[in-house]
Amino acid sequence: MGIARILSAVLFLSVLFVVTFPTLLSADHHDGRIDTCRLPSDRGRCKASFERWYFNGTTCTKFVYGGYGGNDNRFPTEKACTKRCAKA
């Protein structure tokens, strides 16, 4: 591998790091993953009717989950939602 290729690879990786690093430090991330508590409620794609809880930005709120799909802002109980999302 020539020196020009090595320098090009180093430059590319440096630019990639500079572009993505601020995103990793943003307020929407928690421990390296998107904070589930900021996601909107999502009923999912099926037509079942399961009582679930999501965090609406202030409190945990009940909603009807369809049973498949949706996102991670979905908890089986209000207590589980509050434990994960309520700020002390």
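Yeah, the Cβs are placed from backbone N, Cα and C, and that goes for glycine too.
A quick note: this is a predicted structure, and the numbers were derived from the prediction, not measured.
Now, the feature entries from Swiss-Prot:
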type     : residues    : note
DISULFID : CYS37-CYS85 : disulfide bond
DISULFID : CYS60-CYS81 : disulfide bond
DOMAIN   : 37-85       : domain 'BPTI/Kunitz inhibitor'
SIGNAL   : 1-27        : signal peptide
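Structure with Swiss-Prot features highlighted.
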residue	record	DSSP (3 states)
CYS37	disulfide bond	helix
CYS60	disulfide bond	strand
CYS81	disulfide bond	helix
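Here the CA atom of CYS37 (disulfide bond) lies 9 Å from the CA atom of CYS81 (disulfide bond).
Close to CYS37 (disulfide bond) in the fold, though at least 6 residues off in sequence, lie PHE55, ASN73, ARG84, CYS85, each with a CB less than 8 Å from its CB.
Across the domain 'BPTI/Kunitz inhibitor' (37-85), the prediction's mean pLDDT works out to 95. Here CYS60 (disulfide bond) comes close to TRP53, TYR54, PHE75, GLU78, CYS81, THR82, CYS85, ALA86: these same-chain residues lie at least six apart in sequence, with C-beta atoms under 8 angstroms from its C-beta. Cβ neighbour count for CYS85 (disulfide bond) (all protein chains, 10 Å cutoff from its Cβ): 21.
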